[in-house]
């Protein structure tokens with residue numbers, strides 16, 4: 001019974017947003033962590049199926065003292081796992097309801113016209129198929145090199161450079177040892193999805209960063225000018241932090257926060273390899289950071305990419321939910337609203353980018369809408385990337401100002417991005433940056449997506 005109690009406690013912790021799966025499992029005190037991790041992972045993988053089974057069999061109504069999390073792990077092992085590994089009251093409970101649960105599972109298979117339990121996980125299969133279509137994106141680390149030199153390096157390794165892509169369809173057609181320059185982001189190269197560059201010299205030396213295109217958009221849209229003071233509020237593993245440092249040209253100051261000590265250590269290694277300087281790492285919950293601390297008095301830009309369901313990640317690991325429960329979404333959205341409110345309270349803040357790798361409106365547009373309503377006319381949404389094909393969802397007036405990314409439409413992981421700016425007196429929200437501002441950004445305005453691309457300057461020292 002200890003296994004099921006521990007698994008239920010981990011599920012409850014996930015729903016309350018108390019941490020990630022691995023950290024909750026390893027901090028549970030249960031002696032057999034692999035067994036616990038496997039049970040929770042598989043329960044999460046079948047979460048949407050289990051919730052339908054519990055509803056259809058009315059198990060929670062019949063057993064009012066049974067917690068939903070415990071019910072899920074018990075029913076998972078009973079119907080999908082290797083059988084219950086407990087005795088006593090829980091085994092008796094399972095025997096009482098087994099026939100009803102099995103009948104409901106059979107009806108579910110008939111409705112979906114499938115014969116195997118695994119076939120009920122069609123969304124997972126769709127995500128796996130989507131993952132195989134997403135290219136390998138490679139961000140050039142301009143702290144150490146430039147795009148032209150990286151292109152030359154790959155050409156010397158036998159890759160064929162096809163120039164700048166003109167459409168998403170060109171990215172989709174990549175194969176073999178061919179690569180392109182991305183059609184939207186000026187320092188992003190695109191290779192076929194099967195390309196493995198983890199052992200490539202450019203990667204191991206920090207000259208390139210393997211980072212999905214959607215993940216590159218938030219820092220790009222934040223666009224702080226060199227010399228700015230920037231906060232990366234939920235920074236680990238550090239890819240966006242290194243991108244911010246490259247945009248700043250290592251001039252200015254980055255304050256990067258993460259509460260997990262192991263993730264901070266990993267981030268420190270990544271940033272060191274990338275050649276990042278002027279970045280203060282702190283093992284600290286961003287919500288505990290004092291906005292009135294004098295050290296943050298010059299912070300004008302904040303990148304906020306808080307913990308989310310991860311439902312947009314087409315390469316999710318075991319246990320990361322495709323369909324989180326309503327309780328889990330509510331807990332995550334509450335945390336995200338608190339984090340966004342906290343970020344907007346920094347007195348010198350001028351521009352903020354809020355992003356998630358979630359597909360759920362509750363974590364995205366609903367969070368932005370609720371927080372903007374609390375702040376009145378102090379902040380407004382900025383319409384960036386007007387030509388981007390995927391816009392926000394929902395009925396609120398600023399939805400169209402937000403961005404969404406997806407495997408089907410943009411050939412990336414699923415992502416959401418909103419850009420907020422402090423309003424000048426009398427300004428209306430939401431707004432779109434005027435064309436002149438995009439072509440001639442003012443200090444603090446940074447880089448805008450519709451501006452004419454600048455010529456890349458080769459560095460004096462080329463890569464050997």
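Cβ coordinates are placed from backbone N, Cα and C, and glycine is handled just like the others.
In TrEMBL, annotation is done automatically, which means it is predicted and not curated.
TrEMBL lists region 'Disordered' at one of the ranges 395-429, 430-464, namely 430-464. TrEMBL assigns the feature coiled coil to residues 91-118, out of the candidate ranges 91-118, 119-146, 147-174, 175-202. On its own chain, residue 357 (active site, nucleophile) has 214, 215, 308, 310, 311, 312, 313, 413, 414, 415, 416 as residues at least 6 apart in sequence with a Cβ closer than 8 Å to its own Cβ.
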